[in-house]
Each structure stands twice: as C-alpha cells, then as structure tokens.
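Record features, source TrEMBL:
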BINDING   Gly29, Gly30, Gly31, Gln32, Met33, Gly34, Asp52, Glu117, Lys122, Ser144, Asn168, Lys300  NAD(+) binding site
BINDING   Ser68, Lys75, Ser144  CoA binding site
DOMAIN    24-209  domain '3-hydroxyacyl-CoA dehydrogenase NAD binding'
DOMAIN    211-308  domain '3-hydroxyacyl-CoA dehydrogenase C-terminal'
SITE      His165  site 'Important for catalytic activity'
Amino acid sequence: MSFFSHQIRRSFSSSAVRRVVIKNVTIIGGGQMGAGIAQVAASTGHSVTLVDTSEDILKKSVKGIEGSLKRVVKKKFADKPEAGEEFIQKVLQNVSTSTDPAAAVPTSDLVLEAIVENLNVKQDLFGRLDKLAPKHSIFASNTSSLPITDIASSTSRQDRFGGLHFFNPVPMMKLVEVIATSATSQETFDSLLNFSKALGKTPVSCKDTPGFIVNRLLVPYMMEALRLHERGHGSKEDIDIAMKLGAGYPMGPFELSDYVGLDTMKFIIDGWSEKDPDNPIFAQSELLNKLVAEGKLGKKTGEGFYKYK
Ligand SMILES: CCCCCCC[C@H](O)CC(=O)SCCNC(=O)CCNC(=O)[C@H](O)C(C)(C)COP(=O)([O-])OP(=O)([O-])OC[C@H]1O[C@@H](n2cnc3c(N)ncnc32)[C@H](O)[C@@H]1OP(=O)([O-])[O-]
Ligand SMILES: NC(=O)c1ccc[n+]([C@@H]2O[C@H](COP(=O)([O-])OP(=O)(O)OC[C@H]3O[C@@H](n4cnc5c(N)ncnc54)[C@H](O)[C@@H]3O)[C@@H](O)[C@H]2O)c1
C-alpha cells in the first residue's frame with residue numbers, strides 16, 4: 001500500500017482529557033500564516049503570543065497584521081472610521097511577541113506551530129515545548145503536507161495533539177481543516193473544532209492522510225500547471241487567465257504559487273516525491289527548483305513566477 005493510499009483508523013484515545021476552552025494561544029512562526037492566524041485569533045478576543053526567531057521578523061509580522069487589519073476595517077467599519085481605529089488598537093493589545101517560546105508556552109491553552117515545512121524542525125520544536133507547556137495545553141500544527149502523527153511523535157501528549165490547517169490569506173479564507181490522528185482524543189478534537197468556530201471559520205474534519213482534503217487535490221493541479229507550461233503548451237499568463245476565466249478560480253496557478261511561496265511548494269513536493277517516487281503526479285519541476293535556488297520565492301521576496309514591486 002503506498003503512502004498516498006493508506007487508510008488511517010480513527011480511534012479516540014481512552015486517556016480522558018477534559019475539553020479545553022482555548023483562550024491563551026501561542027503561535028510559533030510569524031510568517032504569512034502565523035501572523036494571519038494571530039490576527040484572526042486576536043480579533044476574536046483571544047490572547048495571543050506570537051513567537052519567531054528575531055525581533056526584526058516580529059516587528060514585520062505586527063506591521064503586516066496592522067496593514068491587514070486596516071483592510072478589514074475599511075470594509076467592516078466603512079461608515080465609522082473611529083470605531084475601526086479603536087478596533088485595530090484593541091486587537092493589537094491582544095497580541096504580544098516573543099523570541100523565546102519557552103517563556104510563552106507555560107500559560108498556553110493552545111500551542112500552534114506555523115514554522116518552516118520541515119519535519120525535523122517541527123519535531124524538535126514540539127519535543128522541547130512538550131516539557132514546558134502545561135498538561136492541559138493542546139499542541140497543533142498548521143502543516144500543509146506532513147503527517148500530524150509524525151510531528152506529534154516527538155511529544156508525550158499525542159492525545160492532545162492535532163492539526164489545524166488554515167488557508168492563505170487567513171483573514172479572508174473561511175476554511176480550517178481540523179485533523180485528528182488515531183491518538184487524538186475526542187476532547188482535543190472538539191476543542192480544536194470549537195476554537196476554529198470561535199475564530200469565525202468553518203471547520204471540516206480530516207483524516208491524517210497526505211494533504212488532508214484541499215492539498216490532496218490542489219497540489220496535483222498546481223504541479224500539472226507547471227508541467228503544462230514546461231512542456232511549452234501554454235504561457236504562465238495564458239494558463240492563469242484560463243483558470244480564472246474558464247474555471248472561476250480567483251487566482252491562476254502561477255499567481256497562487258507566488259502567493260503561497262515557492263519554497264513552501266518545493267518543501268511539499270520534495271517530501272511527497274521522496275515518499276512516492278514513482279508517482280508522476282508528484283514529479284519535480286525544474287522551473288520551480290531553479291526559481292527556489294535563485295531565492296525567487298514569490299510575493300514575499302518580490303519575485304517568483306512574476307515580479308512584484
Ligand atoms: C505544490 C502546491 C502547493 C500548494 C500549497 C498549499 C498551501 C496551503 O497549505 C493551503 C493554502 O493556503 S492554498 C491557498 C488558498 N488560497 C487561495 O486560493 C486564495 C485565492 N485568492 C483569493 O481568494 C483572492 O484573490 C484574495 C481573497 C486573496 C484577494 O481578493 P481579490 O478580490 O482577488 O483581490 P484584492 O483586490 O487583492 O482584495 C480584495 C479585498 O479583499 C480583502 N483582502 C485581501 N487580502 C487581505 C488580507 N491579507 N487581509 C485583509 N483583507 C484582505 C481586502 O478587503 C481587499 O480590498 P482592499 O481594498 O484591496 O484592501
Ligand atoms: N503559505 C501558505 O499558503 C500556507 C498555507 C497553509 C499552511 N502553510 C504552512 O504553514 C507553515 C508556515 O508557512 P508560511 O507560509 O507562513 O511560511 P513563512 O516562511 O512565511 O513563515 C515561517 C516563519 O517561521 C519562522 N520560523 C522558522 N523556524 C522557526 C523556529 N524554529 N521557531 C520560531 N520561528 C521559526 C520563520 O522565521 C518565518 O517567519 C508551513 O508549515 C506551511 O506549510 C502555508
């Protein structure tokens with residue numbers, strides 16, 4: 001049975017843990033996803049600590065949150081700009097930042113990770129935090145493609161571990177995939193489901209299978225768009241226009257790739273092609289590899305498939 005066809009048996013752990021009402025949230029990784037999740041959690045009254053590796057990165061994260069909040073209030077408080085400004089200040093007060101996860105986690109109900117898409121790095125992080133977080137604290141990963149079971153294996157709280165997969169841009173995208181492994185307790189799953197609803201999102205329940213629901217369908221589509229272009233069967237511009245006007249997608253596959261980040265795309269496809277090397281759906285793209293090697297990672301670096309000012 002291949003990596004992509006395996007079945008996961010869902011059985012809830014019998015080690016009963018009480019359902020946690022999530023109020024204090026530590027988010028590790030203040031990049032596009034972590035900052036977006038922090039913004040939405042703070043906007044819905046949660047107390048958020050955002051952790052990253054340097055003060056400079058965290059300053060950029062908070063600036064990004066402020067910019068995104070301005071776009072939100074422009075619509076939400078169109079007729080009441082003062083109330084909008086008040087809302088922004090209130091939300092920002094709910095966000096504190098830290099470069100030291102060890103200092104942040106002892107008061108956390110939820111520790112959610114949105115760092116680089118690398119299994120060893122994620123395992124190392126959670127392994128360290130497992131010893132510092134309170135017993136009731138739930139751990140969750142926002143991974144796009146890695147098995148939650150593998151990430152959780154570095155901890156001793158596998159019944160209090162699940163996946164919370166958000167979509168980019170977090171303030172706009174309504175979906176959250178809530179992932180239970182075979183060890184995730186029912187209480188943990190319910191807490192994560194309720195947390196997603198408290199953020200104003202619509203959760204769907206997923207098995208711990210590669211790509212969960214959305215990325216199992218989206219990744220083959222995105223990679224095939226690259227290959228179609230590499231075969232010389234369409235320009236990036238034409239493929240993007242075709243998928244927007246012909247299939248109703250808000251962004252074409254090349255625009256979306258730049259938006260997601262080409263490094264993240266490469267991490268995903270490298271991992272999957274390694275696990276299932278004979279599956280042509282997950283074959284490498286030379287063009288993607290070249291752009292990543294050149295540091296052209298998409299919108300976040302100013303250039304990917306397209307250039308951004
Ligand atoms: C190998 C393959 C790899 C797959 C990777 C998978 C990755 C991952 O695991 C899963 C994903 O996330 S998959 C990715 C899933 N994601 C997708 O598929 C996304 C697809 N794209 C879309 O849904 C739309 O293009 C957007 C909603 C991004 C923008 O909407 P638009 O209409 O096209 O264009 P617009 O004019 O720019 O914006 C209009 C208004 O929207 C608002 N607003 C926008 N951004 C905001 C923000 N950050 N904050 C706050 N507000 C924001 C704002 O009000 C703005 O008005 P303003 O006056 O300009 O302030
Ligand atoms: N980009 C997307 O569209 C998207 C969507 C859903 C899920 N994801 C997943 O979310 C995660 C983050 O993706 P992103 O796009 O936000 O990446 P990003 O590169 O924008 O941000 C990652 C951040 O994590 C920080 N970081 C890395 N290692 C760290 C560590 N050990 N401790 C603290 N901070 C650390 C980096 O400094 C960076 O600021 C990945 O697992 C990715 O697969 C991405």
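Cβ atoms here come from the backbone N, Cα and C positions, even for glycine.
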Completion exercise
One residue among the binding-site residues Gly29, Gly31 has the fewest other C-beta atoms within 10 A of its C-beta, namely Gly31
Exercise for the section: Report the binding-site residues (Gly29, Ser68, Lys75, Ser144) that meet this criterion: Cβ distance to the nearest atom of ligand 1 under 6 Å. Use sequence order and write none if nothing qualifies. Expected result: Ser68, Lys75, Ser144
Problem - Chain-internal residues near Lys122 (NAD(+) binding site), provided their CB is under 8 angstroms and they sit 6+ positions away - result: Glu113, Ile115, Ser141, Thr143, Leu146, Ile151
Exercise for the section: Scan Gly31, Met33, Asp52, Ser68, Lys75, Asn168 for binding-site residues whose C-beta lands under 6 Å from an atom of ligand 2 and note them, or write none. Expected result: Gly31, Met33, Asp52, Asn168
Exercise for the section: Sort Ser68 (CoA binding site) into helix, strand or coil using the DSSP assignment. Expected result: helix
Handout entry: Spatial neighbour of Lys75 (CoA binding site) that is closest, considering only the recorded positions Gly29, Met33, His165, Asn168 and their CA atoms
Key = Asn168
Problem - For CoA, whose listed binding residues are Ser68, Lys75, Ser144, the greatest C-alpha pairwise distance in Å - result: 30
